[in-house]
Amino acid sequence: MSARSSNGIQQQQQPNTTPQRLQSTPWFHGKISREEAEMLLVPPYDGMFLVRESTNFPGDYTLCVSFGGRVEHYHIIYRDHHLTIDEEEMFETLGQLVEHYQNDADGLCTSLTIPVPKKGNPEVCFDTKDFQNAGWVIPNDDVKLGDVLGKGEFGDVLLGYWHGTKVAVKTLKDPHAVQMFLTEASVMASLRHPNLVQLMGVVLDGPSSRISLVTEYMGKGDLAHFLRSRGRQQITKKDQLNFSRDCCAGMAHLEAKKVVHRDLASRNVLLSDEMVAKVCDFGLARDLTFVGDASKLPIKWTAPEALKDSRCFSNKSDMWSFGILLWEIYSFGQAPYRRIALCDVVKFVEKGYRMEAPENCPAEIHEIIRQTWDAVPENRPTFAELLARFESLRTAYV
Ligand code: ADP
């Protein structure tokens, strides 16, 4: 932590590692047979993969990849502290190897897409050493805890003080959620943008070995609550446009980094004391461990294609959610589809029903919302395109 030991978010430097090193290893299944691996890669989906210990070459590993309805098994040789498949590209860790082949097929049948997570004890799937090595671990004693800021899915979020800076500390209560929790941390660690809530570090040695995420403190709390509590008396058109633009800028960064958020909503946007909106809650981002568990999906915010098939989550499905978020901003935090029962929303939307523009919503914003809800994902705009439109709308207000 020496490089980042003192005061303040602004002065902080990136830890001395590429953030990509922070990786969960849910795809590592240890000692399973070739047949077991093949059963886990069903139903087939090109690029779906896992890593197991090699049975034929003890000490080596095997990368199993689904492609064209078959499973290819690649021998990963471990020699002289390096791992390689083709004896050309060498890697220090399995995480680096997987990341390489996620970015590029480089001789494999396909690039790696969906990791098949190991079931059972999630603790063994995540190597907290990655956090340690990357300099993201904050000693427990360095953080002083204060009041409760809010209640999260995994536990309370507390105000904290870290080297004189206010921070938010989210502590994990249920150890079974550690995988998702650390996935959130690793996604946050790999991203740095003024409109994304910044991770400052992870406390791994908290009371009873609890894990906490330490993030920048956002003094005005979550946007959903802010919109509802301040309402149209206090929130101006300019504020609404700024919130929209800020969220779009954060999402454009995710889009550029090929990260899919999956849970974009006003409840997952936080406001700083200076009223800058930042997207947070990367708990579902990139995490594919919940494939098939549709019960966890925020139905009213999720694009129809992603509700039907979780492999269809994309930056375009995030764009659909962004349209709902815009609708929330311009309706001052009303609940979407409030006259339709939750179980009927999907049916309505699939038949072409779309919410009307919120009262007094500017025509140009309504036009953007309409485009985000195009039934065909490819027809929806990109966040980069929308950002340019928000910037020009903003100059019109000045
Ligand atoms: P979860 O994702 O587990 O539901 P959240 O991250 O949304 O939890 O946090 C729950 C609440 O805690 C938020 O709605 C917000 O009011 C508060 N909170 C979370 N993070 C911060 C932060 N960085 N600064 C200030 N308040 C926060």
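Backbone N, Cα and C atoms are what each Cβ position is placed from, and that goes for glycine too.
What TrEMBL says about this one:
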- Lys170: ATP binding site (BINDING)
- 10-20: compositional bias 'Low complexity' (COMPBIAS)
- 27-116: domain 'SH2' (DOMAIN)
- 143-398: domain 'Protein kinase' (DOMAIN)
- 1-25: region 'Disordered' (REGION)
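Other Cβ atoms within 10 Å of the Cβ of the residue listed as 'ATP binding site', summed over all protein chains shown, number 24. In this structure, Lys170 (ATP binding site) is part of a beta strand by DSSP.
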